[in-house]
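According to TrEMBL, the protein carries these features:
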| type | residues | note |
| --- | --- | --- |
| BINDING | GLU61, LYS101, ASP163, VAL164, GLY165, LYS166, SER167, THR168 | ATP binding site |
| DOMAIN | 55-146 | domain 'Clp1 N-terminal' |
| DOMAIN | 160-346 | domain 'Clp1 P-loop' |
| DOMAIN | 351-462 | domain 'Clp1 C-terminal' |
Amino acid sequence: MVTLDSILSAPSLSNLFLRFCQEIIFVCWPRNLDFGILASSFCLKMAEEESQEFKLKVNSELRFEVEHKASAEIEMIEGSGEMFGTELAKNKKYAFVSGSKVAIYTWHGCVLKLKGKTEVAYVSTETPMTVYVNTHAALEQMRSKAEEDSTRGPRILVVGPTDVGKSTLCRLLTNYAVRLGRSPVLADIDVGQGNMGLPGTIGALVVERTADIEEGFLNTAPLVFHYGHKSPNDNFQLYNMLVLRLAEIINVRCEQSKKVNSSGVIINTAGWIRGAGYEALKQAAGAFEVDVICVLDQERLYNQLKGDLPDFVKIVLLPKSGGVVERSQAIRADSRDSRIREYFYGLKNNLFPHTFDVKFNDVKIFKIGAPSLPESCLPLGMKSQDSQTKLVPLVPAMSLLHHVLSVSAATTVDHDIVETNVLGFLVVTNVDMDKSVFTVLSPSPRPLPQTILLVMDIQFMDIK
Ligand SMILES: Nc1ncnc2c1ncn2[C@@H]1O[C@H](COP(=O)(O)OP(=O)(O)OP(=O)(O)O)[C@@H](O)[C@H]1O
């Protein structure tokens with residue numbers, strides 16, 4: 001059971017890992033990036049079903065999942081309710097696309113009208129919302145104290161296995177903080193879903209408005225770094241390096257604004273919690289200098305962290321919501337695809353991407369990480385793990401087809417490209433070796449904002 005005291009007793013944090021960092025460049029080429037519902041947007045046909053009405057008593061929630069290739073609509077007719085911390089307006093219809101998994105919670109009771117094709121729709125009175133709101137209340141007291149003392153607000157790492165509601169809890173805690181006038185930094189180091197950019201990236205943004213019910217947080221200027229793979233395990237060295245870099249820049253951002261500083265940082269992590277994954281979590285806790293770790297639904301991880309981290313880090317075990325839906329590998333792959341589609345086409349097909357040719361000579365293409373060699377073959381003093389963060393120039397070839405490319409903010413190759421943020425993304429839709437050009441899908445018309453491109457492992461077929 002989480003008590004307020006256990007969180008409130010956290011002393012304000014040390015600067016153990018504070019490092020210098022030179023520059024902050026925020027992404028300036030965003031396209032409807034959100035932290036919201038991942039769903040394919042190609043089918044928005046509202047089915048002609050009759051609507052169902054649900055009367056929710058105090059402290060209960062309506063949970064529903066929208067059918068594949070269908071959509072659903074919810075309207076609150078009476079009372080008050082919220083979705084993952086964002087309040088619903090009365091008599092306003094909210095549309096949810098295929099595959100959305102939604103919970104509308106009410107503290108005081110409400111009447112909801114649900115229309116459309118849902119796989120399941122039911123009301124539950126068993127929710128962990130009281131524990132979550134208590135956690136928020138404790139964090140809020142730490143923020144007030146930080147504001148009074150002009151110090152740093154709470155930094156919270158949300159950890160746990162896959163499908164326990166980590167992203168949802170981050171969204172809820174961020175929304176509650178914003179509703180009280182705070183401007184927390186929301187950071188996402190879960191490269192599998194890439195909520196700030198695309199899968200294969202990590203990023204952060206300062207949140208000043210609650211998440212939109214349908215589209216999530218509106219990311220007008222997220223800070224995004226290219227990682228290139230869908231699991232932290234694929235390049236552990238690079239992953240840790242980028243997490244550290246992200247934390248450094250967040251520190252600089254906090255130093256620039258008293259409000260952001262006292263509001264704190266909320267960090268969503270990947271569900272990789274064993275072996276190297278556990279080491280990555282500890283690294284992240286150190287890099288962000290966290291004061292609170294919320295462990296969702298795993299006592300083993302909770303006890304491991306309690307034993308391994310210093311006492312000033314308060315670790316709380318929180319229950320998972322019974323509504324959180326488990327996703328298979330296939331569904332995860334589908335969500336990654338939807339996420340990329342959404343970047344180019346919008347959640348409801350409301351964006352129009354551009355297609356144009358890029359000459360091989362006009363750009364420089366790199367991938368990060370070279371195959372590791374045995375140490376005996378390396379120059380004196382070099383370790384094999386160094387190759388993991390090495391920039392490798394690529395000669396354009398047919399193998400680029402369908403790969404996602406990040407457009408680096410770096411202006412020259414002398415820049416530290418690996419640790420520079422990215423401006424946006426492209427997908428290679430054709431390669432013409434005879435004409436030495438490749439065709440890209442791009443969120444904006446030519447010219448490209450910069451000419452240094454980084455290749456991801458992740459591919460996207462623009463076929464729908
Ligand atoms: N109370 C709830 N009722 C219904 N659906 C929910 C509820 N809470 C979360 N969900 C849904 O469950 C899904 C999984 O939740 P979430 O993404 O927060 O889990 P996670 O632990 O972050 O997953 P990952 O393993 O990708 O890190 C999401 O689609 C979310 O919308």
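A Cβ is built for glycine as well, from the same backbone N, Cα and C atoms used for every other residue.
Heads up, TrEMBL stuff is auto-annotated, nobody curated it.
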Intrachain C-beta neighbours of GLY165 (ATP binding site), sequence separation six or more, cut-off 8 angstroms: LEU296, LYS320, SER321, VAL324
Cβ neighbours within the same chain of LYS166 (ATP binding site) - under 8 Å, at least six residues apart: VAL158, VAL159, GLY160, ASP190, ASN268, THR269, GLY271, LEU296
Sparsest-packed among the binding-site residues, when each Cβ's other Cβ atoms within 10 Å are tallied, from GLU61, ASP163: ASP163
Counts by DSSP class (helix H/G/I, strand E/B, coil) across the domain 'Clp1 C-terminal' (351-462): 18 helix, 46 strand, 48 coil
Largest separation between Cα atoms (Å) of residues that the record links to ATP, namely GLU61, LYS101, ASP163, VAL164, GLY165, LYS166, SER167, THR168: 19
Neighbour tally for SER167 (ATP binding site), based on other Cβ positions within 10 Å of its Cβ: 22
Per-residue pLDDT averaged over the domain 'Clp1 P-loop' (160-346), given as an integer: 93
Cβ neighbours within the same chain of VAL164 (ATP binding site) - under 8 Å, at least six residues apart: GLY271, LEU296, ASP297, GLN298, LYS320, VAL324
Secondary structure of LYS101 (ATP binding site) (DSSP, helix/strand/coil): strand
Surrounding CB atoms that lie within 10 Å of the CB of LYS101 (ATP binding site), all protein chains: 19
Other CB atoms within 10 A, centred on THR168 (ATP binding site): 22
